[in-house]
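Peer 1: Shown below is the structure under consideration.
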Amino acid sequence: MTLDVVCWAPEAFFSLNLLVFLWYGTGAVVSPVTERVSLCVSSLRESKNREKNLSLKERERLSFEHREKERYSLQMYRRPLSLNLPSGGPSHAAGHMSLWAVTLSLLRALLIWNCPLQTLQAGGVFVRDVFSQNLGLFLWIVASLALWVTIGWQKKRGIIHTEYVFLALLSLFGQHLLLMSTDLMALYLCLELQSFSLVVLCALNYTNPYAIEAGMKYFLLSAFRSCLLLLGIGLIYWQTGHTRLSHLRELLSVTSFVYRERGERPSLTLWLGLWLVGLGLLWKLAAAPLHLWAADVYMGAWSSVTLWISTLPKIAVLGFWTHTWHPIWTTAFGSAAAIFSGLSLLVGAFAPLAQTHLKRLLAFSSIGHMGLMLMCLSGGNEGFRALWAHMGIYIVTSLAVWSLYMWPFGRPKSQSPGPQYLWDLAGLNHSSPVRATAWAGAMVSLRGLPPLAGFLGKLGLFWWRLNTSQYVLLSLALLSTVVSTVYYLRVLKISYVDRPQSWSSYGPLHSSNAYMISRAWVFLCLLLWHGTPILLRGHLLALRT
């Protein structure tokens with residue numbers, strides 16, 4: 001009994017904190033913390049306490065016009081030890097909750113690191129082993145960084161949705177459980193827990209029609225994916241009577257051998273069920289041709305939500321695939337993942353050439369990178385070390401890119417939270433050389449050019465594919481890399497060469513974003529020459545799959 005309590009300690013701790021966040025964020029009348037301001041009037045030598053409680057309509061107006069909340073003007077009280085400060089709570093409740101969520105994520109990572117290994121939970125539906133522990137630790141650290149870089153952005157935009165943090169943590173909980181899942185029903189529940197939260201997050205900016213479109217498309221396509229996934233699980237259970245993945249792996253290995261010896265064809269119903277489950281996982285990865293939701297969701301959702309969708313679900317789904325699903329998929333379909341890899345590479349190379357919106361370009365760029373990572377799933381376990389090394393570098397680059405995108409930005413007759421179109425970066429080298437250099441480094445790393453670490457990730461993937469003698473897929477990857485150079489260097493051309501028709505300007509950057517951009521720059525510059533730690537970590541994860 002004591003061991004069970006210790007094993008469930010991280011999940012119990014996180015569930016309790018989720019309840020606290022839900023209670024705190026929806027307290028009173030579902031409004032931000034009411035501030036009590038002390039107004040000191042020097043002429044009358046008296047102090048009056050006034051309570052300012054904005055109505056819901058007024059809060060929405062102030063929030064979506066991107067203006068700071070109106071405050072009472074404070075006059076200096078010319079006496080020692082006078083306090084003219086808000087005294088009733090944090091000035092921005094959503095940012096305050098995000099800061100607490102960062103602390104919670106780091107504590108959660110510490111609990112995972114000290115939790116007993118090789119433990120069965122919920123009757124063996126979830127298993128915590130060395131692989132899930134290490135990748136879960138990486139997942140929670142990335143989540144804490146993703147929450148941290150959005151604090152300043154929320155304050156600048158005037159985001160008052162305190163439920164944002166709760167929904168983000170709820171999806172993170174589903175991703176954490178997915179890494180430990182060993183059953184098809186657990187897989188379905190974890191994916192639905194993510195989708196439920198992400199659908200609401202995509203449409204949270206409900207005054208923006210693009211956000212409503214993003215939420216509706218993500219909801220409808222996610223519901224269709226859920227139906228196919230349930231159909232696949234039902235077909236598998238109908239044919240085998242099992243949903244435990246370890247049992248399915250053993251059953252498939254035996255039946256495949258028997259079918260080969262007898263010269264018979266395998267059960268098409270079982271193979272169809274496995275194919276549908278695989279499609280459900282590939283949909284979460286936005287692999288072509290299951291990528292049609294990605295560009296519109298990236299464009300319509302908040303930048304913080306886009307950062308969340310582009311990083312954390314990929315870690316969780318790829319972790320589940322390599323650790324649990326890969327033996328079943330390769331036994332049934334061999335290297336069929338190469339088809340999705342090749343299509344993703346082509347879509348990620350040619351689709352961005354016609355894009356002018358920066359978010360859509362980054363969406364198709366992520367599809368191209370997913371094609372590179374799927375190359376490692378079309379063979380044996382030998383390519384997993386290249387997969388995780390490239391994933392680590394890609395995550396750091398994504399954090400830098402979206403931190404740059406959240407940099408407060410303005411152009412004549414427009415006020416936006418970041419650059420929306422490619423031409424918004426025109427003349428950036430003249431107006432802000434530091435920002436232009438940061439954007440250049442991010443694009444060079446995404447492209448995979450030296451001297452930044454993105455080159456190391458792509459080199460490992462290409463080298464592994466060359467050793468496996470799969471020259472067709474390697475040729476597609478090289479073609480995709482060459483073509484993608486055009487739109488990555490196009491961003492640099494606009495920033496450094498093109499003359500702007502109208503000048504745009506960047507505002508002051510929050511300290512969290514500044515730290516993330518600078519640390520990511522140092523990481524990407526040094527890792528190409530001192531890449532042994534991340535390569536060894538990727539090799540260690542590959543050995544433990």
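Note: Cβ is positioned from N, Cα and C throughout, glycine not excepted.
TrEMBL entries are annotated by machine, without manual review.
Residues or ranges marked as transmembrane segment in TrEMBL: 12-33, 133-152, 164-180, 186-206, 218-238, 268-287, 299-322, 328-354, 361-380, 386-407, 471-489, 514-536. Annotation source TrEMBL lists domain 'NADH:quinone oxidoreductase/Mrp antiporter transmembrane' at 181-483.
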Peer 1: At a C-beta cut-off of under 8 Å, are there same-chain residues at least 6 beyond the transmembrane segment (386-407) that contact it? List them, or none.
Peer 2: 138, 142, 145-146, 149-150, 152-153, 303-304, 306-307, 310-311, 314-315, 318, 322, 358-359, 362, 366, 369, 372-373, 376-377, 417-419, 435, 438-439, 441-442, 445-446, 453-454, 456-458, 460-461, 463-464, 506-507, 509, 513, 516-517, 520-521, 523-524, 527, 531, 534-535, 537-538, 541-542
Peer 1: Who are the long-range neighbours of the transmembrane segment (133-152) in its own chain, taking Cβ under 8 Å and residues 6 or more past its ends?
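Peer 2: For the transmembrane segment (133-152), the list is 95, 98-99, 101-102, 105-106, 108-109, 112-113, 115, 117, 165, 168, 172, 175-176, 179-180, 303-304, 307-308, 311-312, 315-316, 319, 323, 392, 395, 399, 402-403, 406, 509-513, 516, 540-541, 544.
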Peer 1: Six or more residues beyond either end and a Cβ under 8 Å away: which residues meet both conditions relative to the transmembrane segment (164-180)?
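Peer 2: Distant contacts of the transmembrane segment (164-180): 11, 14-15, 17-18, 21-22, 25, 94, 97-98, 100-101, 104-105, 121, 126-128, 131-132, 135-136, 139-140, 143, 147, 154, 186-187, 189-194, 196-198, 200-201, 204, 304, 308, 312-313, 315-317, 319-320, 323.
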